[in-house]
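What TrEMBL records for this protein is below:
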type	residues	note
DOMAIN	28-107	domain 'Ig-like'
DOMAIN	115-185	domain 'Ig-like'
DOMAIN	206-268	domain 'Ig-like'
DOMAIN	294-378	domain 'Ig-like'
DOMAIN	384-458	domain 'Ig-like'
DOMAIN	484-568	domain 'Ig-like'
DOMAIN	574-651	domain 'Ig-like'
SIGNAL	1-24	signal peptide
């Protein structure tokens, strides 16, 4: 509407008002209604052009202003909720027949921002039996006329203060005797235009304070309640008014009462005539303890729970069939709901703690049991792991192996381990559950198996079943009747450093294909093959050798270990001893040479040589005697020797052939 008025200022307004026949001439006047030149943003104002003494004439009106103009059908403009753009200078003139009046004087309309009420109090607290004076005003004093004041007090929400709440001293002052939060605002005009609310002022009032020496009446006992007025400097002469469950209870000059019945209690003080009351105290809830006994139980009742298990904490109240509401108290971070049981579906360490409960009668909420004794729930974040042990690693022919599964940490007598059920698995392409046909179940934690393979186990308990981690697997072999034998090729009792020897594992019975396993106390372990060829023996190869076979087609089936065979390798290269017979002979006689080694039957061949002195080198070279290469006999006969000569020998064996050192020379 304000925009309509401004638009009016830019155009000629032709409005005919019939007054009768009169000549134009009187000077018009611009008036405002209400008659204030300062108007607040949002108020309603009427601008009017009045021509005194021009009665009876027919007038048309022309308005002129600083801003835009618009047409109207009367000599006045009503602006609903003015804005700053409606402010400015206004003047008008009238026309009758062919003559105009002169222009009216300028009337300036000023638009102000919405004002805010100001609230002041002559004191901040209501004295006993007294009051506080509140004064409300509009902030812009030059435009403060015509205001009516509205008072508000907070009680859950702000509501208008009436004559029952205070004494209205004047339009802008009231006297209040009740504490609380107060504010005000001004209003004027039709329709009423309101200022902004004032800031809130808190008015204090003496307040009663209630204390209880206990929050519960013990069985057959009572609780002492004490009421006092704060501040204590105004505490003389008070009577105390006691209330229980919304009803007046007692009026006493003493500030203490003893109660044996539970409920919601509060109090206030009063004194004087008529009685001046303090504010009410805060309420105190007093329970009445009944004889029924509450007990916390754990289901299942295990001393330790593992992360992920399901456990129920239950509150049981013995004695009678009363219906109860339940309250819980715990020192952990998660509080159970107010029900008789708390089912923890996936426990964690955050559920650990002490739990206790009590019951509250549904039919009488102030009647409760005592707190139960605390029950401790311990939840471990470490998931337990099953442990699997076997009394042997191989099933003997026609026998069995006993497997034992337990939960670690474990104590066979502890309640946390006694409830486990054990699940057994055997690997055959994948792990599958072991059932009765596959094993003999000796007890919950033991089975007897007669078939080899890879076994594991785990424990489970509860509903739904909570499983431990799987145990480490245990490999069980099945012993077959085939018999392995270790042999040496060649089969010499002692081997010398540098010789070649083969250690062989032979398995008799059937044509099964085998993988081979060796066990030795030497420093070098043979490969997993049927034979081990040592091409240049040394003492590090000395030791006891035994073997067994594992079926290629069924890896858990093995022979027993063979008997051990001892291989001895000497690091000392042997040197034969040469003897001649006779040592003295006549020219042309025969002589017999004998070459003796330490183990003469160990496959030796013999080589015979004549020693030829080399005087320049002070040594001898060796010439092989006729037919003296690799003889099977350890003797050699020389026929018709005519002069002194020296002879040596050496031995050789194996493939490739290993040679001893040369013997010391013998001269004949």
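A Cβ is built for glycine as well, from the same backbone N, Cα and C atoms used for every other residue.
What's the neighbourhood like for each of these?
For the domain 'Ig-like' (115-185), the model's average pLDDT works out to 82.
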List the helix, strand and coil residue totals of the domain 'Ig-like' (484-568) as derived from DSSP.
3 helix, 41 strand, 41 coil
Under the DSSP assignment, what numbers of helix, strand and coil residues are found in the domain 'Ig-like' (206-268)?
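Across the domain 'Ig-like' (206-268), the residues distribute as 3 helix, 38 strand, 22 coil.
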Please count the residues of the domain 'Ig-like' (384-458) that DSSP assigns to helix (H, G, I), strand (E, B) and coil.
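Helix (H, G, I), strand (E, B), coil: 7 helix, 42 strand, 26 coil.
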